[in-house]
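In Swiss-Prot this protein carries:
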{"type": "COMPBIAS", "residues": "922-932", "note": "compositional bias 'Basic residues'"}
{"type": "DOMAIN", "residues": "30-133", "note": "domain 'Cadherin 1'"}
{"type": "DOMAIN", "residues": "453-562", "note": "domain 'Cadherin 5'"}
{"type": "DOMAIN", "residues": "570-682", "note": "domain 'Cadherin 6'"}
{"type": "CARBOHYD", "residues": "ASN81", "note": "N-linked glycosylation site"}
{"type": "CARBOHYD", "residues": "ASN419", "note": "N-linked glycosylation site"}
{"type": "CARBOHYD", "residues": "ASN545", "note": "N-linked glycosylation site"}
{"type": "CARBOHYD", "residues": "ASN685", "note": "N-linked glycosylation site"}
{"type": "REGION", "residues": "804-841", "note": "region 'Disordered'"}
{"type": "REGION", "residues": "902-932", "note": "region 'Disordered'"}
{"type": "TRANSMEM", "residues": "693-713", "note": "transmembrane segment"}
Amino acid sequence: MAPPQRHPQRSEQVLLLTLLGTLWGAAAAQIRYSIPEELEKGSFVGNIVKDLGLEPQELAEHGVRIVSRGRMQLFSLNPRNGSLVTAGRIDREELCAQSPRCLVSFNILVEDKLNLYPVEVEIVDINDNTPRFLKEELEVKILENAAPSSRFPLMEVYDPDVGMNSLQGFKLSGNSHFSVDVQSEAHGPKYPELVLEGTLDREGEAVYRLVLTAMDGGDPVRSSVAQILVTVLDVNDNTPMFTQPVYRVSVPENLPVGTPVLAVTATDQDEGVHGEVTYSFVKITEKISQIFCLNVLTGEISTSANLDYEDSSFYELGVEARDGPGLRDRAKVLITILDVNDNVPEVVVTSGSRTIAESAPPGTVIALFQVFDRDSGLNGLVTCSIPRSLPFELEKSVGNYYRLVTNAALDREEVFLYNITVTATDKGTPPLSTETIISLNVADTNDNPPTFPHSSYSVYVLENNPRGASIFSVNALDPDVDQNAQVSYSLAEDTLQGAPLSSYVSINSDTGILYALRSFDYEQLRDLQLWVTASDSGDPPLSSNVSLSLFVLDQNDNAPEILYPALPTDGSTGVELAPRSAEPGYLVTKVVAVDRDSGQNAWLSYRLLKASEPGLFSVGLHTGEVRTARALLDRDALKQSLVVAVQDHGQPPLSATVTLTVAVADRIPDILADLGSLEPSAKPNDSDLTLYLVVAVAAVSCVFLAFVIVLLALRLQRWHKSRLLQASGGGLASMPGSHFVGVEGVRAFLQTYSHEVSLTADSRKSHLIFPQPNYADTLINQESYEKSEPLLITQDLLETKGEPRQLQQAPPNTDWRFSQAQRPGTSGSQNGDDTGTWPNNQFDTEMLQAMILASASEAADGSSTLGGGAGTMGLSARYGPQFTLQHVPDYRQNVYIPGSNATLTNAAGKRDGKAPAGGNGNKKKSGKKEKK
């Protein structure tokens, strides 16, 4: 069997395909670098060895080199570290010109593996070229009649950089007539255009010097400037044109000298000198120039001599119109003379006055003139007349003389100049007449006072205005002239609130501007009534007055003031009582506030700002009533703290806050017991005092029944009472029966009283505040007038031993009685017009509790009489000590009655009692409790 034949050509083809595949795969992984232009020679471009996966020492082993198609070798390999570096300075503009991207491509050849690796290096442009104008100075000539928005190309600017480093914009020095706009061709350079923003006037400014700045967008920005000289050229492109080529007119031969015959008109659309047209005669004889004259500015042709039909009946005149530079136009004027009676009457004013006072009486002579006619016979007889509408008349004088006189009063303010036309007419056929105008000026007299356009003024000024600010301006008009019309302003003297009016406002005598000399306060001054006087400078001066009402407008500059509860002065916090059995909506108290502002600045709203137990209480938005929002629970704390904010509706709103302390308990003993459990006893004396208070309150229930029985017995046997008291001789004070009430009265008594316990924040002791009850009869003995009444139980009082005294009943104290408006009651018991409401009969209950506590304290001692010592208010037990409460301050100073400025006071001269002598220790304790 023959061996298989080999095909060497096929093997070479397979090898070539394998090599090409290897090179193609290597070429797919192209290496890219990016460097800025203008790098120094040998600058690092990229780590080519790392990117090829070789080591630096393998460069020579593998035969790694750069294969480039260009003649210039831009890059080279560093044999030491195998990095690609620049072979020299690279200028992007020289290499790629204006191409957006500059890419340099070459290959890295690994000879031993025959692998080619394409490398692409992007040369990034830097801002190394400044925009350059091809010309640094350029003159632009513009016709003065160039239309706005006209464009004028300027010199080109060249910047070889690309992108943001190339030319980006232009800036023109500030000028209102020109602006610069940038134009650019598609993929071409940018060039500026000068844009005319408005019309030019060569006579106003003939040359403009502008500075044009070209800027690129590099960092930093490079720029260059060029000077632009704009010259405005004058244009005369319109020739004067007559309105018609031939003018024809016919005039009578008796036309007076100087009478206009005809007016020719030529128009020139140019402006300035180019539009100024002058007129002149052309190609006329000397005789014609003596008869007619032409106004060079108006084109009016008039007679300069008498016309005579018999001498010449026709005239032909040549007229030329010419502008400043010399453009001209011509026309013909044909004048025909008509044959008429050529002698007209003539009027010659021989004497007269051109000015007359407006106060001149009727019959004053103004002028004397003469009339005559050159004709004879009837044609020479002349009559004169003036318009009947004028306040003048003609009077015949000697011969052909006439006098012009006034026949009515003159008023310069109505007519200050009269042009009196005197018409002279002959009796020819047809009659001829002539007119002469006599001008008469009417001189002013001071016969008109200054008048204000309004009968009165109302000025509104916000309060707190700055001093010296102008608040209003008045203007009086005087129809007179000169000195008679010069108006000065002043204010009538007056006083306001004990101060002169001039201390509030002043007025500028020349301008009539009213200034405020002080800052107005709406709460102190709400309006001013002023009288402004306007006087002229005539002789005698005339004046008029106008009323000016200045109203001060309110600003929200007063925060709400809280009237109830009053802010404490002794450091303690007033406590409101809310029973635990209170239902939702129970009225606990009411916050009463006022605002001195007015309008919506005084509208108040109340809100609960902070509460120790959220959701337990609510505050009425408009009433300020503090009510329970839900039923009270056992877990609710005894002491509840509420912060109520009162805010007005001003802009910006102002507010005030008040802190309320609410004690949650059904009875005062509960409060004392809870307070005793809240704070441990720090001193033995404090514990004893608390124990005494608890024992005294516990005895109330026992004493109360006996107290009611005694009151009922006294009411039924009141007629025996005085006899029994006189017979007893035991020192009991007599008590009128009318001072006691029965069981039903006590029940009503309980219902009409409320209580208020003022608890200090650091003590278990309480101040029981007794308000005035709402009945007139009060049990008060003589000693109660001489001692303080608040029930503050101290150790001194417990240690005081009663001594026998001669008791005597004092008459009722009228200072303790309220007027109807001052009586406390529920928040709804008073009319809506009252200034405040009393929350929930709190004083009444407090009064009853104090009376019962006083009785219980005396009963506990067992040595007092029923008349009572001072401070018991006539309710002490029969065998109790004389309980005086002499060391306690007068509670009535702490009682505030909303809606009234009344203060609970004792009778005059009986308020301050002297304290009994005691030990030093007892005095210190009393002082400490008074401070609390």
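Start at 1 and count along the chain as shown; that gives each residue its number.
Each Cβ is built from the backbone N, Cα and C atoms, and glycine gets one as well.
Owing to the predicted nature of the structure, the values given are computational and were not obtained by experimental measurement.
It is 106 Å from the Cα atom of ASN81 (N-linked glycosylation site) to that of ASN545 (N-linked glycosylation site).
Spacing of ASN419 (N-linked glycosylation site) relative to ASN545 (N-linked glycosylation site) is 38 Å (Cα to Cα, whole number). Listed in sequence order, ALA492, TRP531, VAL532, THR533, ALA534 are the same-chain residues six or more apart from ASN545 (N-linked glycosylation site) with CB atoms under 8 A from its CB. Per DSSP, the domain 'Cadherin 6' (570-682) is made up of 15 helix, 47 strand, 51 coil.
For the recorded site, ASN419 (N-linked glycosylation site), the DSSP three-state label reads strand. Counted with DSSP, the domain 'Cadherin 5' (453-562) comes out as 7 helix, 49 strand, 54 coil. Counting residue by residue with DSSP, the domain 'Cadherin 1' (30-133) contains 15 helix, 39 strand, 50 coil. Neighbour counts were taken as the number of other C-beta atoms within 10 angstroms of each residue's C-beta; across the glycosylation sites ASN81, ASN419, the minimum falls on ASN419. The domain 'Cadherin 5' (453-562) scores a mean pLDDT of 92 in the predicted structure.
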